[in-house]
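Step one of this worksheet: look at the structure below.
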Amino acid sequence: MELGPEPPHRRRLLFACSPPPASQPVVKALFGASAAGGLSPVTNLTVTMDQLQGLGSDYEQPLEVKNNSNLQRMGSSESTDSGFCLDSPGPLDSKENLENPMRRIHSLPQKLLGCSPALKRSHSDSLDHDIFQLIDPDENKENEAFEFKKPVRPVSRGCLHSHGLQEGKDLFTQRQNSAPARMLSSNERDSSEPGNFIPLFTPQSPVTATLSDEDDGFVDLLDGENLKNEEETPSCMASLWTAPLVMRTTNLDNRCKLFDSPSLCSSSTRSVLKRPERSQEESPPGSTKRRKSMSGASPKESTNPEKAHETLHQSLSLASSPKGTIENILDNDPRDLIGDFSKGYLFHTVAGKHQDLKYISPEIMASVLNGKFANLIKEFVIIDCRYPYEYEGGHIKGAVNLHMEEEVEDFLLKKPIVPTDGKRVIVVFHCEFSSERGPRMCRYVRERDRLGNEYPKLHYPELYVLKGGYKEFFMKCQSYCEPPSYRPMHHEDFKEDLKKFRTKSRTWAGEKSKREMYSRLKKL
């Protein structure tokens, strides 16, 4: 039955429902007299839902629609592409839509054009044709009744890759989740070859609903996730879920560890309690020993002597380097070298009050006086920085009493002692406790020596301070003192001498500071 013409802004949806007898028409109007009597299309669709075939029914029939069908597809909204809830254009836009219709190009894939009679239209018909037309029974002799074709289930990447080459179409343009899972069909037809079906997915048995159910077809999208076909999953993936668990019996000890050497994969594990061998770099060059071969060594190591020889040669290349070039630079601290950085200190030094000075013990002083280092020392000078009355009360054998800095400079720097035959010239300073006067005199000599020579050259590069001074040396080595006695600085009998020498020292110290200032101004 064909409805009369209506205004363009009012769209009508015609459905066909054919009973088993072939004499009845193929297409049956969905909206009857009740729709004209005032019911909306959606209300009428709800009332006549039980008359539709394919939506929630217990049986499915394949649909074949030819490409040359007289149904045409005009400009529609997004809901029209999905097949549900057709919207209506406004009265002002109806004329413009008929004269210059705009078709959405990428809104719906080509394969979904045959999902329903409303979407399967021929582009060759006129544009002003009605939206839906009755299908001629002569053109559909094979189909006495038809149903709306359900949208195709979204295709996975694996299926797209496998079917894309066979069908020759772009399957990536299919709309994802355009309809509920219950509306998806099990077969689809290739539009380029009418009458032939290419099954994308094998038919499944979804949860069927009876005609008495109140299911309107709009099922939750989550239902489709629970009804996935097992055929969509590749066989290799399905075997992971269905195959039984198998325990591997491979011996893990025979496998190579991640950070183990490949040559030691088959060798036995070394004992944890065995002391590790020293590296060849730490041992001296001449005392390098052959490494003991392990009992379980692999045959590759024993049959490949060239590789072992190369590795051994590479190890010896670092050990055979001159000690004077690498080890002296890395191992020697500049504080352990004498003033000109040419060699190390001869005597063993001890910690003292001033960290920038080198201290020796009274025992070292006594050993030098005994001539123990005679073959290494050309001149051994002992500077006694105490006041003259202290020096006369007792001093070390061979010591020179110079309590004024000017006197020390004249004695040492005006006519410096030159070392010969590689022997050293050593100067030792001391006072009563080696706390103030001795260290101050030692610094002064080094300072004046630096000013008189080009860095780092020095006349006296090796200077020492006697730790504990004369008092400690007298208590430990009294036999090396002349006379063997000790007179302190604050002796009651020499208070006047103490004041005189202190005043002289302070006056000379003030004049010294003025002289240094004048000398610096002259250099500027």
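Glycine is no exception: its Cβ is also placed from the backbone N, Cα and C atoms.
In Swiss-Prot, the feature phosphoserine is assigned, of SER40, SER88, SER261, to SER88; the remaining candidates carry no such note in the record. Between THR80, THR173, THR507, the residue that has phosphothreonine written against it in Swiss-Prot is THR507.
Residues SER116, SER205, SER321 are shown; Swiss-Prot lists phosphoserine for one of them, SER321. Within the list SER107, SER268, SER485, the entry that Swiss-Prot describes as phosphoserine is SER107. When SER69, SER162, SER315, SER513 are compared in Swiss-Prot, the phosphoserine annotation sits on SER513. Swiss-Prot gives the label phosphoserine to one of SER76, SER435, SER505, namely SER76. DSSP assigns CYS431 (active site) to coil, not to a helix or a strand. Around CYS431 (active site), the same-chain residues at least 6 positions away in sequence with a Cβ under 8 Å from its Cβ are ASP384, CYS385, ARG386, ARG437, GLY438, GLY469, TYR470.
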